[in-house]
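Peer 1: Below, the features straight out of TrEMBL:
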type: DISULFID; residues: Cys27-Cys59; note: disulfide bond
type: DISULFID; residues: Cys37-Cys48; note: disulfide bond
Amino acid sequence: MPTAIGEQIKTAPFDPRFPNTNQTRYCYQSYIDFHRCQKVRGPEYKACEYFSKVFHSVCPNGWVEKWDNQREEGTFAGNI
């Protein structure tokens, strides 16, 4: 029988700014917020992890990979 690891799996909490079922904007904004947080506070700042957990939970992996590639190439449309 498998053993529990001890970490409880959760999804992103409800955000009243995005009340509808389409979570595209919530996904995109969380991705932007994570990278802005890291830019301002540095990569070691623990509070930025909240945004990372949200966008990894809500966003499709393909979108995140595409946005990461665009940021590396300098063609990302968002203002980080």
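Note: Cβ is positioned from N, Cα and C throughout, glycine not excepted.
So that I understand the layout, could you describe where these features sit and how close they are to other parts?
Peer 2: Counting only residues at least six positions away in the same chain, the Cβ atoms of Cys27, Tyr28, Ser30, Tyr31 sit under 8 Å from the Cβ of Cys59 (disulfide bond).
Cys48 (disulfide bond) counts 20 other C-beta atoms within 10 Å of its own C-beta, drawing on all protein chains shown.
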